[in-house]
Amino acid sequence: MVIQKEKKSCGQVVEEWKEFVWNPRTHQFMGRTGTSWAFILLFYLVFYGFLTAMFTLTMWVMLQTVSDHTPKYQDRLATPGLMIRPKTENLDVIVNVSDTESWDQHVQKLNKFLEPYNDSIQAQKNDVCRPGRYYEQPDNGVLNYPKRACQFNRTQLGNCSGIGDPTHYGYSTGQPCVFIKMNRVINFYAGANQSMNVTCAGKRDEDAENLGNFVMFPANGNIDLMYFPYYGKKFHVNYTQPLVAVKFLNVTPNVEVNVECRINAANIATDDERDKFAGRVAFKLRINKT
């Protein structure tokens, strides 16, 4: 014989719910007395307080082993990469000469990027260094802080400096300037005490034909040793990265050209297929003309 469970009315359900929330006979709130709730809250307060203290202690111990100025592990930063400016999403520099909006954003980015390189700012913050040698500043047991940096003046970029330039870095005339910079690696002695320079070329034969002629600033794409080593952001507060500007003079219009620039230095490998940015950078250049 099947016994059917009596169906509760809506009023009964509400009354049972109200009694569960607060039972005036037993003085229980949601099934527990005040003392029981106090013990529960005390337990979780102690439990999470202990976890917080353990986490804080662990972080403090770990931070004691980490330098504020130099990364502890740098094995994956042995070879600096190259990057370009203006910075674009896909390393594509596309210029429509007749459309100001297509290149004005590049010009604005370059103006902001090159502002710290103004000669007046460099003269205030940085030193005139002796070229052809590293600018070493050892601590010798005493923290030598902050480190001084060598001047890299905007005027060294010649026709790509943008100073008094009505062509806007050449973008308005279809002869754009692209800036190459080497990523910073702490205590890296670039060039292994030998001169180094940046070279650019088309990636394929057809790219080389369409790339045409170009000039580089400083001359021959040279990067002087005096800008190395780099001691880190906190030590080298006013450090100014050296740049190489490439001005493309007669790129074949309306054709996408693949360009690759490399740093030629004794201790920088540029043939690692696993890291296509190690010592080199590839980008696409297109000059549209109607």
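Every residue, even glycine, has its Cβ placed from backbone N, Cα and C.
Annotation comment: Swiss-Prot describes C129-C150 (among others) as disulfide bond, evidence class similarity to another entry. Secondary structure from DSSP puts C129 (disulfide bond) in coil.
In sequence order, Y169, G170, C177, F179, F217, A245, V246, K247 are the residues near C160 (disulfide bond), counting only same-chain partners six or more apart with C-beta under 8 A. The annotation disulfide bond is assigned in Swiss-Prot to C160-C177 (among others) on the grounds of similarity to another entry.
C261 (disulfide bond) has a Cβ environment of 22 other Cβ atoms inside 10 Å. Per Swiss-Prot, disulfide bond is recorded for C200-C261 (among others), and the stated evidence type is similarity to another entry.
Per Swiss-Prot, N-linked glycosylation site is recorded for N96 (among others), and the stated evidence type is sequence analysis. For N96 (N-linked glycosylation site), applying a Cβ distance below 8 Å and a minimum sequence separation of six or more within one chain yields S102, W103, N288.
Taking the Cβ of N118 (N-linked glycosylation site) as reference, residues of its chain lying under 8 Å away and at least six apart in sequence are, in sequence order, R154. Annotation comment: Swiss-Prot describes N118 (among others) as N-linked glycosylation site.
Annotation source Swiss-Prot lists N-linked glycosylation site at N153 (among others), citing sequence analysis. DSSP assigns N153 (N-linked glycosylation site) to coil in the three-state reduction, outside any helix or strand. Neighbour count (other Cβ atoms within 10 Å of the Cβ, all protein chains): 17 for N153 (N-linked glycosylation site).
For N159 (among others), the entry in Swiss-Prot reads N-linked glycosylation site. The C-beta environment of N159 (N-linked glycosylation site), restricted to residues of the same chain at least 6 apart in sequence and closer than 8 Å, consists of D165, G170, C177, V215, F217, K247.
Around N193 (N-linked glycosylation site), a 10 Å sphere centred on its CB holds 12 further CB atoms from the protein chains shown. In three-state terms derived from DSSP, N193 (N-linked glycosylation site) belongs to a helical segment. The N-linked glycosylation site annotation in Swiss-Prot covers N193 (among others) and is backed by sequence analysis.
When Cβ atoms from all protein chains are considered, those within 10 Å of N197 (N-linked glycosylation site) total 17, not counting its own. Residues or ranges marked as N-linked glycosylation site in Swiss-Prot: N197 (among others).
For N238 (N-linked glycosylation site), the number of other Cβ atoms no farther than 10 Å from its own Cβ, over all displayed protein chains, is 17. DSSP assigns N238 (N-linked glycosylation site) to coil in the three-state reduction, placing it in neither a helix nor a strand. Positions annotated as N-linked glycosylation site by Swiss-Prot, on the basis of sequence analysis: N238 (among others).
Summarising model confidence by region, the region 'immunoglobulin-like' (193-290) averages a pLDDT of 91. The annotation region 'immunoglobulin-like' is assigned in Swiss-Prot to 193-290.
Positions annotated as topological domain 'Cytoplasmic' by Swiss-Prot: 1-39.
Per Swiss-Prot, the feature topological domain 'Extracellular' maps to 68-290.
According to Swiss-Prot, the feature transmembrane segment maps to 40-67.
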Reduce the DSSP letter at C160 (disulfide bond) to three states and note it down. helix
Please work out which residue of C129, C150, C177, C200 has the most C-beta neighbours within 10 angstroms of its C-beta, and give that one of the disulfide-bonded residues. C177
Given the recorded positions C150, N153, N193, N197, C200, C261, which lie close to N238 (N-linked glycosylation site), meaning Cα to Cα within 10 A? C150
Looking at the recorded positions listed here (C129, N193, N197, C261), whose Cα lies nearest to that of N153 (N-linked glycosylation site)? C129
